[in-house]
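Notes to accompany the following structure.
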Amino acid sequence: MAEPISNPTRINILGKDNIIIDHGIWLNFVAQDLLQNIKSSTYILITDTNLYKTYVPPFQSVFEKAAPQDVRLLTYAIPPGEYSKGRDTKAEIEDWMLSHQCTRDTVIIALGGGVIGDMIGYVAATFMRGVRFVQCPTTLLAMVDSSIGGKTAIDVPMGKNLIGAFWQPERIYIDLTFLNTLPVREFINGMAEVIKTAAIWDENEFTALEENAKAILEAVRSKNKSADRLAPIRDILKRIVLGSARVKAEVVSSDEREGGLRNLLNFGHSIGHAYEAILTPQVLHGEAVAIGMVKEAELARFLGVLRPSAVARLSKCIASYDLPTSLQDKRIVKLTAGKECPVDVLLQKMAVDKKNEGRKKKIVLLSAIGKTYEPKASVVEDRAIRIVLSPCIRVFAGVPKDLNVSVTPPGSKSISNRALILAALGEGTTRIHNLLHSDDTQVMLNAVAQLQGASFSWEEGDVLVVKGNGGKLQATSTPLYLGNAGTASRFLTSVAALCNPSDVNSTVLTGNARMKQRPIGALVDALRANGVGVKYLEKEHSLPVQVDAAGGLAGGVMELAATISSQYVSSLLMAAPYAREPVTLRLVGGKPISQPYIDMTIAMMASFGVQVQRSAEDPNTYYIPQGTYKNPETYVVESDASSATYPLAIAAITGTTCTVPNIGSKSLQGDARFAIEVLRPMGCTVEQTDVSTTVTGPPIGTLKAIPHVDMEPMTDAFLTASVLAAVASGTTQITGIANQRVKECNRILAMKDQLAKFGVHCNELEDGIEVIGIPYTELKNPTEGIYCYDDHRVAMSFSVLSTISPHPVLILERECTGKTWPGWWDTMSNYFKVHLEGEEEPHSSHVSHEKPRKGNPKSIFIIGMRGAGKSTAGKWMSEVLNRPLIDLDHELERREGQTIPEIIRSERGWEGFRKAELELLEDVIKNNPTGHIFSCGGGIVETEAARKMLLSYSQNGGIVLLVHRDTDQVVEYLMRDKSRPAYSENIREVYYRRKPFFEECSNFRYYSPHPDGSKALTEPPFDFSQFLSVICGHSNHLEEVKKKPHSFFVSLTVPNVSKALDIIPKVVVGSDAVELRVDLLEDYDPEFVAKQVALLRSAARIPIVYTVRTVSQGGKFPDDDYELALKLYRTGLQAGVEYLDLEMTMPDEVIEAVTNEKGYTHIIASHHDPKATLSWKNGGWIQYYNKALQHGDVVKLVGVARELADNFALARFKASLAAAHDKPLIALNMGAAGKLSRVLNGFLTPVSHPALPSKAAPGQLSAAEIRQALALIGELEPRSFHLFGNPISASRSPALHNALFRDNGLPHQYSLFETDNAADVKDLIRAPGFGGASVTIPLKLDIMPLLDEVSDAAKVIGAVNTIIPVRNGDKVTLRGDNTDWMGMVYALRNAGVVKCTKESPTAGMVVGAGGTTRAAVHALHDLGFAPIYVVARNADRVKALAESFPAEYDIRSLSTPEEVAAESTAQPSVVISTIPADKPIDQSMREVIVASLRHPSVADGKHVLLEMAYTPRHTPLMQLAEDAHWQTIPGLEVLAAQGWYQFQLWTGITPIYTDAQAAVMGN
């Protein structure tokens, strides 16, 4: 043991030196100090289960050596996390203490983070009316904040820390050594409180935090496994903790009970706690406070007490420690599964803040970094808070009439971004004044820092000090994420080419979804032509791109198309001095766009010491010398002229006066001309000096249109001009703005669409827009709100129009103005006195703008061995997806004009064939990226370049599908096939050589379970359609299951699916999915497992839950074989399973790989605790729930019940989570005592089945048993079902349905209700307990007016035989359907009838023209039969029947044997009889029927007669058919089948058909 520490650092609090700080004091000081100075007979050390093993035993050892014999040390551990900090845990600890006879002299040692300190302090404050305690904080957060000051508390449902006491600890022992083992996220979490303290108290400390961020994060993130990973920042750490602790101690000593000054320590907490109350426990306290600080600083800015630069500085400092600054932070979205924080709920949470005075909310407002507005929290009205918290803002008209204001816009975005690049590339230090503090410039700062181009620091709050590295940049392995910052993307693409290789040889630039649509092709072409390697990683001509670290451009002559963006030109100009020889830059392709911005770049380069010469002969040619930028001592960024158009436009539109004091005629920016060239012609008075611009608008409503204005020199300002033109008298035509289509959005279209919401009509021009103005009093109310496309200029432009709109205007994306003017709404409120209100986004707003379409529209490439079934799979796919199928072998032959054998036999040979094949693949990938299906030749994977193309395609969202079936079958088939070139080597060897190539290139695999030539191959089999629906994203199974009150998956416990095919259809009855327990299979070979999935999908016909359960989680798979586990997970994903069970105990890299590759498979993130180490009563499960919430679409937690009460604890746990998150949760207990939890689980409960060899888990029940139990406890209501009609006394329907209800554990009853009057059942079908009804003659038509809706089939047939009550909450909709035709189709298919194809049309026939005939016609049409002959006595009825169906049904009458003979080429192969069997057949009809049955053409093939009558069971017509050698189906089959379908529609359960059949037949 180390020497005891004799003199650690101490801090005085409340007059005593009770805060003790140093390294190593836990084991070398604390025990001795306690025993000497805080004496007791009983010490209790309380910590959490994570810390216990590491820190408690060594302390016990030290303590026991030093303690007298009559002194005892007790220890207790609780689960970690905020969930434990509640009434239940407090009571548990107190009961335990009482059971150990703890008395008033007890001293409690709270070892842990804020949760332990807060709660154990409260236990100490209340146990026996108060016992002594000491704090031993182990987290940075607790060291600098929660352990100091005596605030103790627990959380309650209304919020954090609402029940507690002030109870000062006797000592606070801060051992900095604890921080060595603190997880990275927890350390960063604590930095939020450190930043908070500096922000309110000490700017010097804040500056130190800014400067040390990189060093601190590097140390904290160090992979160094030694005990002292934080050694490099040992002194910094002590300074940070000492500094924060001293501030807190000083404040607490002045204001122990939080009368005023101590409020200041709550900066960031008023809003932060509200976020935390909603997002806990997934978001940590410091993370919530970090977002809260930004929001509260924005609030101070809105109220006019804090400068925008201070907000930006605070936000940047927080972000530099990897803390979130908004709810949109990707980590927050992932941690909380995108949980929303409604503003009303936040305000409700804030209403119970302890600082408040009654209903007045109090918030700490900053006035500068290191200083607060008042020495206490300030009262702030709800309206202001709501604006800052809301995603949208409503603008009310009403600028004061005589307003005359001076507004200074933020620094120019264009100049700011150029200045950052030039300063970073320059040598020396420069101070940049008035830099724009915005999202875009932040992106640029972060990127330049990432490339090690420069170091940055801040002076006086808003002066940026840049120390450039003279162009010495390093490539980075972390992609530069640029969001939607277009300027940054263009400038940095060239800058990335200046980088030197580091541990990587290239840099990736990427951005958000919109950025990936914006063009960058012309710039990339110019760089490539100059020797820089640039690769597109997704879409051609857009980000993401990978730029080689070329160490600079080659130089010489460069050509660039500059008609789309002047930023391409500026990008190359700024990088050119670092080329290996001087650059001549020629702009080609027409007149360059936005010439003033090119001039701006050249003028700024001169300020940084590089002179660009413009050619006298060709003004579009520039000469750039080699050189290094020399940074000026200071550089002042002009205000943004584009942004200045908005305040000036408000003056113009409202008839008031506004001055922009620092933009005039000598501005570098083209948009400075806006006032002179746009506002003056519109009727404004404009005064412009060299450096300032003043605009006074004409009387409101009198702006004049400008017939034509060319805005090419100031394209960004066209949006401002457009909203003014909207209320000007006449039509305004704006041209020269073509580049605005490829900005943050298509701005021209955006203007047109959003102005239309005001009733203003616009016409798009080739390079502009025409706006037809209307009087402002006639502006319509844009009720859905104005969608801003995440475009700052759209938002600000429409805020201008809103200032005179007769209706308040909702602008949907308030925060997007942060890109160039973060304080724009503050400016509107404080300068223009515009009334604003914050609002949530309305639910309807999504209708008016794009949302991603469900499903994957990308083209599909099918690969696989010749003979594996690619062509067949392609045909199925084409039919299911309704996409064209192109066989690339056939397409190659078509393009080449030769067959493949001919190409191979020619001089081109195999090499020439493979080259042509590769070129074709490249062509179709490029030119047919969506909506197609391509079947590739088997050998395409032999070419490495083709493999790379296919692999790249699959990795970028495309589908490459490997089709395979039993290898022996493939080989046998190829031995027979003589139609294609023979293999020159053994077929099996070819397959095994290609197999790894197939697997490498494909991201999905279909293993066909269908033997060659099986009947299923004539149409897409069910298993293939199901597979396709998953991989293409069309399956909505999870959404459907979520709507059910009770759903199940049955756990299959068989070692080989092929040996259980006979029981699987029975086993899956009543379940919504079937679980394949991969860990229980006899072989873990991925190919064997893929075959098991295929066989199961084919046999079960329901979605698959794919599970690899490890030994420690209650399964059989080895715990530590992570490599094989990942292979098996990938096998499941490639097989397109609907659900994959992913254990949260797997290593993070396995979890990340599976979640990244999941496609449209839903992840069930699971944790099982078969050894019962966790309890539902405390927070033990929360860490697993939090992790599952991040990675799963469904969360599954399975514990063990030792007694019935454990199920009630589980129920309470589930209820608390359900209130916080809507992610589906499976949570239950194993064991006999846990059966109740299975009954009550509700969502996808795992079940067994009596036919299975074993249960997958102890205590598992069948679905039928659970339904029986639910009925017994009143959770499953008994419902009444009926048959309506007359006569019905002999019906077999009650026998059918009551048998199926009984077999499936349902408490329902089916009975007869005999009537021939529909009115008799009107009340019955609306009764609460009505479950559904069958309808027969004579009510099939009469019942329809009593229903709310009718299925399409029932409409066509004109009859309803089934009533289904569709329940949606309390609302019940009665839906009518017809299952007669479904029963007919099923009976025919069961008899072997297959669907007709367009290639081989077949006729069908219906006998009779009564009510059932229509269903028979529809059934035959559904099976593809055409023409459909009808044989009946009354030709007029047949004619009327034919006319009532759509023409494509092709219904024809047959009335004589001669007509039968005349139709010799289209004789029916299927006949459905709908005539009664208890009367003789009409003679004329009999002759026609016999002629058809005995026609010579029917000697070949399958011929089936379906008899609809079932009394008698064997009818005369059946005898006629059998005499002619036709197969016959008795009427009871259809009765059974239509009833079987009715049962499915009512219950959602698909029983075994033979069970329904047996009930009908009376077996």
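Just so it is clear, glycine is given a Cβ too, placed from its N, Cα and C backbone atoms.
Per Swiss-Prot, region '3-dehydroquinate synthase' is recorded for 1-382.
According to Swiss-Prot, the feature NAD(+) binding site maps to 48-50, 82-85, 113-115, ASP118, 138-139, LYS160, 178-181, ASN189. According to DSSP, GLU82 (NAD(+) binding site) sits within a helical segment.
What Swiss-Prot records for ARG129, ASP145, LYS151, ASN161, 193-196, LYS248, 262-266, HIS269, HIS285, LYS354 is 7-phospho-2-dehydro-3-deoxy-D-arabino-heptonate binding site. Other Cβ atoms within 10 Å of the Cβ of HIS285 (7-phospho-2-dehydro-3-deoxy-D-arabino-heptonate binding site), summed over all protein chains shown, number 27.
Residues or ranges marked as active site, proton acceptor by Swiss-Prot on the basis of sequence analysis: GLU258 (among others). GLU258 (active site, proton acceptor) falls within neither a helix nor a strand when secondary structure is assigned with DSSP, and so counts as coil. Applying an 8 A CB threshold to same-chain residues 6+ apart, the list for GLU258 (active site, proton acceptor) reads LYS354, LYS355.
Taken from Swiss-Prot, the feature active site, proton acceptor covers HIS273 (among others), and the record attributes it to sequence analysis. All protein chains considered, the CB of HIS273 (active site, proton acceptor) has 25 other CB atoms within 10 Å.
The region 'EPSP synthase' annotation in Swiss-Prot covers 395-834.
Sequence annotations record features per position, and here Swiss-Prot assigns active site, for EPSP synthase activity to CYS816 based on sequence analysis. There are 21 other Cβ atoms within 10 Å of the Cβ belonging to CYS816 (active site, for EPSP synthase activity). In the three-state DSSP reading, CYS816 (active site, for EPSP synthase activity) counts as helix.
Per Swiss-Prot, region 'Shikimate kinase' is recorded for 857-1051.
The annotation ATP binding site is assigned in Swiss-Prot to GLY864, MET865, ARG866, GLY867, ALA868, GLY869, LYS870, SER871. In the three-state DSSP classification, GLY869 (ATP binding site) falls within coil. The number of other Cβ atoms within 10 Å of the Cβ belonging to GLY869 (ATP binding site), over all protein chains shown, comes to 24.
Annotation comment: Swiss-Prot describes 1052-1265 as region '3-dehydroquinase'.
When secondary structure is read from DSSP and collapsed to three states, HIS1168 (active site, proton acceptor) falls in the strand class. Look at Swiss-Prot and you will find HIS1168 (among others) tagged as active site, proton acceptor.
Look at Swiss-Prot and you will find LYS1196 tagged as active site, schiff-base intermediate with substrate, backed by sequence analysis. Under a cutoff of 8 A between CB atoms, and with a sequence separation of 6+ in the same chain, the neighbours of LYS1196 (active site, schiff-base intermediate with substrate) are ASP1141, ILE1164, ALA1165, SER1166, HIS1167, ALA1188, LEU1225, ILE1226, ALA1227.
Mean pLDDT, taken over the region 'Shikimate dehydrogenase' (1278-1563), works out to 92 on the 0 to 100 scale. Under the heading region 'Shikimate dehydrogenase', Swiss-Prot lists 1278-1563.
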- May I ask you to check whether the region 'Shikimate dehydrogenase' (1278-1563) and the region 'Shikimate kinase' (857-1051) make contact, with contact taken as at least three Cβ pairs under 8 Å and only pairs 6 or more apart in sequence counted? yes
- Considering the region 'EPSP synthase' (395-834), which listed stretch of 1-382, 857-1051, 1052-1265 counts the most C-beta pairs under 8 Å: 1-382
- What kind of secondary structure is GLY864 (ATP binding site) part of, going by DSSP in three states? coil
- Message: Of GLU82, HIS285, LYS870, SER871, which is closest to HIS273 (active site, proton acceptor) if I measure between C-alpha atoms? They're all binding-site residues.
- Response: HIS285
- Report, in whole Å, the straight Cα-to-Cα distance of MET865 (ATP binding site) from THR139 (NAD(+) binding site). 59
- Message: Out of THR139, ASN161, ASN189, SER871, which of these binding-site residues shows the lowest number of other CB atoms within 10 Å of its CB?
- Response: SER871
- Item | Cα-nearest neighbour of CYS816 (active site, for EPSP synthase activity) within the listed binding-site residues, VAL115, ARG129, ILE195, ARG262 | ILE195
- Item | DSSP-derived class (H/G/I helix, E/B strand, else coil) of THR139 (NAD(+) binding site) | coil
- Message: So if I measure Cβ to Cβ from VAL115 (NAD(+) binding site) and keep only same-chain residues at least 6 apart in sequence, which ones fall under 8 Å?
- Response: ASP48, PRO80, GLY81, GLU82, SER84, LYS85
- Item | Residue among binding-site residues GLY864, GLY867 with least C-beta crowding, 10 angstrom cut-off | GLY867
- Note on the structure: CA pair LYS870 (ATP binding site) / ARG262 (7-phospho-2-dehydro-3-deoxy-D-arabino-heptonate binding site), Å rounded to integer, equals 73
- Message: Using only C-alpha positions, which one of ARG129, LEU265, ALA868 is spatially nearest LEU179 (NAD(+) binding site)? These are the binding-site residues in the record.
- Response: LEU265
